[in-house]
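Annotated features in TrEMBL:
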{"type": "DOMAIN", "residues": "6-60", "note": "domain 'Helix-turn-helix type 11'"}
{"type": "DOMAIN", "residues": "147-208", "note": "domain 'WYL'"}
């Protein structure tokens, strides 16, 4: 990265975080300590007001609402942004109200020649969720449930929330959101049951911030650690099963590779054997992974569901 480009990127990095340390700059931009300090001094000379904070937790803070250099995109960067946006069609993005309006704004910042290329790229590239007969067609599920926006806005202020879910009140600490099988879910720590629980976002009602946190952050961290049950499912995968796993898997799952060439791998999980809906969906997913599976450990209840499904064939 050229020095001028690095300084411009560093200014945006600083402004986006409001507080940073020399060590963070060294790590982020792969530069030495002396280079990071020199860059900070040069950025100050360019007019960005930085305030040094000394001490063990010291660093630099920046005053808000300062002018930054105008953002400029290279031809390839603009293509990458446009393609990334096209690839999210029918993915229920939060905050998205008018996809066409955003597309037109991206086209508006391009030159005439770039605009022609972007329009042609739209015709050439078909993604997983593109309708092959009409690439411009958007399904009704292109937009996320309004509750997702509401939850995100509240979570940006506080992760301690209270909401109604299936006729019961829940007090939770929000961990994250994830999308699975065309639905958005909220992963939380449920204070009532003192364990991690997942809630489907479009089933949540009447949400508001919990201004009286049920437990201190330190205690919550300990509860989160303790709430992870021991896995009762462990599966080894071959190369073909690994490829299918990458195509579709549950948000919380990750692969542990067993060889240097990543041709064999293992995943483990805990399954609530009393949750019939989860047992069914898990059985269907395991069948989707194909034949290159080796069961190391599996609950009898899940094995029974799989056998029932196979028997139908």
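Here the Cβ of each residue, glycine as well, is placed from N, Cα and C on the backbone.
Across the domain 'WYL' (147-208), mean pLDDT in this model comes to 91.
Secondary structure of the domain 'WYL' (147-208) per DSSP (helix as H, G, I; strand as E, B; remaining residues coil): 14 helix, 38 strand, 10 coil.
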